[in-house]
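Here is what TrEMBL records for this protein:
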type	residues	note
DOMAIN	A:2-135	domain 'B12-binding'
BINDING	A:Ala12, A:Asp13, A:Cys14, A:His15, A:Ala16, A:Ser60, A:Ser61, A:Leu62, A:Asn92, A:Leu93, A:Val94, A:Val95, A:Gly96	adenosylcob(III)alamin binding site
Amino acid sequence: MKNKLVLGVIGADCHAVGNKILYHAFTEAGFQVENIGVLSSQEDFINAAIETNADAIIVSSLYGHGEIDCRGLREKCDEAGLKGILLYAGGNLVVGKQEWSDVEKRFLDMGFNRAYPPGTSPQTTINDLKKDLGW
Amino acid sequence: MDAILLIDFGSTYTKLTAVDIENEEIIATAKDLTTVESDIMIGFNNAYKKLEEKMKGLNVNFVDKLACSSAAGGLKMIAIGLVPELTAEAAKRAALGAGARILGVYSYELSRTEMKEILDKKPDIILLAGGTDGGNKDCIIHNAKLIAEHIKDIPVVVAGNKNARDEIEDIFKANDVFYKATENVMPRLNTINVEPAREVIREIFMAKIVEAKGMKNAENFISGILMPTPAAVLKAAQALADGSDKEEGIGELVIIDIGGATTDVHSIASGEPTKPGVTLRGLQEPYAKRTVEGDLGMRVSSASLWEAAGTRRIKKFIPDTKYDIEERCKYLQQNVNVIPQTQEEIEFDEALGMTATEIAMERHVGQIESVYTPMGIIYSQVGKDLLNVKYLIGTGGVLVHSPHPERILKAGTFDTENPNFLKPINPQVLIDRTYILSAMGLLAQKYPDKAVRIMKKYLVKA
Ligand code: B12
């Protein structure tokens, strides 16, 4: 059975191009991707993951409010019975140039398994997914 | 002449329509009170006598007799899914489209208390969904086990995750649960697939429910009770919009049925965004969509209509009325047989019709939501965009008896003061004066070309 991912762009963020690219990259890499697209709330991600029995949630944020939009997602996943589901985030997670290791730490503290700096190639994430899912 | 008899065993009236198949004309219509408590055929025969009276000397030979029914409470259903906004909503939409009255919608793993509640509601059919294909199996299997433990005599339609189907069938077989399994109502996330479930519900309705409701007698005389009445209306709507093999349809349309207890809205339209730059969100909508507003009606539900709308909203349509709005609404709920006589009574009923239409349409159509960003406003759409729908068709007593049916229906069109509701902007308004829609849905089942042509002929411009 293929591993299932829920992919989307969180919050009031309408940057649609990267989302399409990620969808194709992950699909080609052999994942079944449920793409919920732009303007997706935390609840949209969680509901999609419940119905599809997903193994991972991949959150994009491009417009700079990623940190606020992602806060509490892990707790809500726990609440919804999605114990231990993988949570990844990437894109332009914060505004401007900030020290990446600080940003990464903040996302890991929020309960994300991995967070990626701007310009990360989809292939990096694919390799990590395979590792984390035990391929 | 050869004719077809179309019968609607309604909750109050049994309505007959005789159609001349050669000339595609309505020969006569007649109605009498439905008698489901004693014997459904008594009311039918009373109506039939009236019909024969009207057809005297015509030498009519009925070659086919088709029926639909909403008698004995209609088709009552429970819908069960996993996430409320996803498979539970998809299951609800499938049941509504099958012409059901929804007694309750349940989500996630059912508790024993909820199971008891479901039993107390006495549904005719339970629709069990949950999980996309290949998605979550635990929930639907849990619910199947609970159903098998508590329910023996209520048919269950299984329309969830296909990967859970074998296991559910094993559970139901081992426990003698009557069930039919079909395709998932939501095979992929946000993609709905309601037709297969609708068809299976209809089959069970024909095979089991008709008999359970004491209507088996009727089947000796007629060729069959094919579907619940609301399903027949939806079928007619779809035939009229899309046309048939030989006959062109009239295009996208909305039908509003304002009744005593409920206001039903049917839309046959894709509902795609018509404005550029709008992002579509949420669960996909059925092309043929039915919604039922149980709190909006002219009589049984006039008090709840007042509660939903509030005095000012009704008063907007009759600013000068002498009535106290709240009092009159409550009075009408207590006295469901009131037929308006005076100008003022008629105007009050019209205002109720307008309010019901306005609110029922707001709940049926999609909405534009604006998201404020540093860039300015961006727009997302949830539900169907019906702005460019060409026809708005009205049926139901208040419209047929009102001198201003188009005014009532216009309450369901686009309103610049509430531009977020994607209601039709400038539709052509048609009225079902002869009350033929449910009959034509039945006719369309067997004679689609004829049904489309007759509807085009008999639905009149308001
Ligand atoms: C086109 C664009 C827009 C368009 C979007 C059109 C659309 N519907 O798609 C419009 C004009 C609407 C727009 C609006 C805004 N934008 Co703009 N926009 C851009 C721009 C120029 C290109 C985005 C793009 O499509 N890139 C191409 C795709 C392929 O790349 P991508 O989106 O980055 O995605 C890739 C990677 O990020 C990565 N990735 C993404 N998610 C994830 C997740 C994981 C887990 C991983 C591993 C990787 C990953 O993989 C993707 C594929 O390779 C960028 C600047 C830039 N050059 O990136 C700014 C940019 C993203 N926008 C920005 C901003 C601030 C805005 C606005 C807030 C206001 C403004 N200044 O314009 C609004 C916000 C609107 C909203 N509510 O979302 C900033 C964000 C700043 C920040 N985060 O610090 C940027 C970076 C410009 C800048 N330097 O200021 N924008």
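Including glycine, each Cβ sits where the backbone N, Cα and C put it.
Annotations in TrEMBL come from automatic prediction, not curation.
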Worksheet item: Given the binding-site residues A:Ala12, A:Ala16, A:Val94, which one has the fewest other C-beta atoms within 10 angstroms of its C-beta?
Response: A:Ala16
Worksheet, complete the sentence: A Cβ under 8 Å from chain B is found, among the binding-site residues A:Ala12, A:Cys14, A:Ser61, A:Asn92, A:Val94, for A:Ala12, A:Cys14
Discussion item. Give me the long-range Cβ neighbours of A:Cys14 (adenosylcob(III)alamin binding site): same chain, 6+ apart, Cβ under 8 Å, in sequence order.
Written reply: A:Val38, A:Leu39, A:Tyr63
Worksheet, complete the sentence: A:Gly96 (adenosylcob(III)alamin binding site) has its Cβ surrounded, within 10 angstroms, by a count of other Cβ atoms equal to 6
Item to complete: For the adenosylcob(III)alamin site as recorded (A:Ala12, A:Asp13, A:Cys14, A:His15, A:Ala16, A:Ser60, A:Ser61, A:Leu62, A:Asn92, A:Leu93, A:Val94, A:Val95, A:Gly96), determine the largest distance between any two Cα atoms, in Å, rounded to the nearest integer.
Response: 20
Practice prompt. Determine how many residues of the domain 'B12-binding' (A:2-135) DSSP places in helix, in strand and in coil.
Written response: 56 helix, 32 strand, 46 coil
Response to the item:
Within the same chain, the residues at least 6 apart in sequence whose Cβ is under 8 angstroms from that of A:Asn92 (adenosylcob(III)alamin binding site) are A:Ser61, A:Leu62, A:Tyr63, A:Gly64, A:Gly66, A:Pro118
Discussion item. What's the number of neighbouring CB atoms sitting within 10 A of the CB on A:Ser61 (adenosylcob(III)alamin binding site)?
Written reply: 22
